[in-house]
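Here is the structure we will look at, set down as structure tokens.
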């Protein structure tokens, strides 16, 4: 028997030996080739169903055992997700994730012969287009939180631990979403700080002047500027001063004519998101602010505040010339123009 034939025969019968991680990492194609075998009816040879080895091509398709004859309900190979015996070498790399049916509860035990602790799934991830999870995410945040198949996560709304609010982490956008208020954060730390300040229910920092409580010392410090007359934030363009830096930042949008918030109904743009939201009530007809005395509803909270003064009789705007009081600032301005000739 020629030596070349013996080499090819040895190669044929040693090709499908299981290769473990200690020798070499198994790739996606090798995994399928290892799991799915075809047997020749003329000789004891066993080889991958879609093997491209020249020696194995000598076995004609008629001699390969069919899938129906090979299938066994108790065969562990039937439990492996996403794989099909009809896979060909050319079509394997182009398999779409949408055409695969994932198992709800995947049991890795059928793969015990091919999987070890150090097994690398990178090849399968790239082959099937799995969502890549950034390496800097701590494993504790991924547990019961990330779903590789984009299924909505089940969130325990009664849990107070801040980390539970990271369950809507989006690997594709690399962002973290608060499930309470839908705010988006770029880091897990930012989300945790937000939950601790806004949703934990604890406000240990109390204002000694008005009694309002806050969840963080910085918020209390910013609030104290409201009670003081100091306006330390000045606009360099018009000289107007403000008590808060955030108010100054909003004011600067007027000079730059930046209106980043458009109305989704009419396209009108606004400087602030709150103004845009109030404007949308005109299109939707929504009136979320209701008077507790007479039941009248308003689309804007400022209109409700002005309306409530009719029930209380409160007149915060007074004329400095005749001391007459008014419930609205616009009424005071008209009074000064009509009665005192001032503008």
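Using the three backbone atoms N, Cα and C, a Cβ is placed for every residue, glycine included.
The region 'SNAG domain' annotation in Swiss-Prot covers 1-20 and rests on similarity to another entry. Among the features that Swiss-Prot reports, region 'Mediates repression of transcription' is placed at 1-20. Residues or ranges marked as region 'Disordered' in Swiss-Prot: 51-77. What Swiss-Prot records for 67-77 is compositional bias 'Basic and acidic residues'. Among the features that Swiss-Prot reports, zinc finger is placed at 176-199, 205-227, 233-255, 261-283, 289-311, 317-340, with the record citing sequence analysis.
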Tertiary contacts of the zinc finger (289-311) (same chain, 6+ residues out, Cβ under 8 Å): 278, 281-282, 327-328
Mean predicted confidence [pLDDT] for the zinc finger (205-227): 83
Residue counts (helix, strand, coil, in that order) that DSSP gives for the zinc finger (233-255): 11 helix, 4 strand, 8 coil
Secondary structure content, the zinc finger (317-340) (per DSSP, counts of residues): 11 helix, 4 strand, 9 coil
